[in-house]
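Novice: After the structure tokens below, expect a handful of questions from me.
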Amino acid sequence: MKKNIAFLLASMFVFSIATNAYASTQSNKKDLCEHYRQIAKESCKKGFLGVRDGTAGACFGAQIMVAAKGC
């Protein structure tokens, strides 16, 4: 159980860094929010194994990033 939680947190951390690097080139907040939403959609559609393949963490991390950016 601890291993799954650690993996989930690591996935969220890595995804948030990747999301920031991808979306940082956008200058318009509307465009930035649209890119964050698209990334969230793509990451939530990937995979089917949940925590074991990291998609649950990526999906959760993407949703948090969209909310954190005020979109």
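Cβ atoms are placed via backbone N, Cα and C, with glycine included.
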Novice: What residue among CYS33, CYS59 is stated in Swiss-Prot to be the disulfide partner of CYS44?
Specialist: CYS59
Novice: Which residues does CYS59 (disulfide bond) neighbour through Cβ under 8 Å, counting only same-chain ones at least six apart?
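Specialist: The answer is ALA40, SER43, CYS44.
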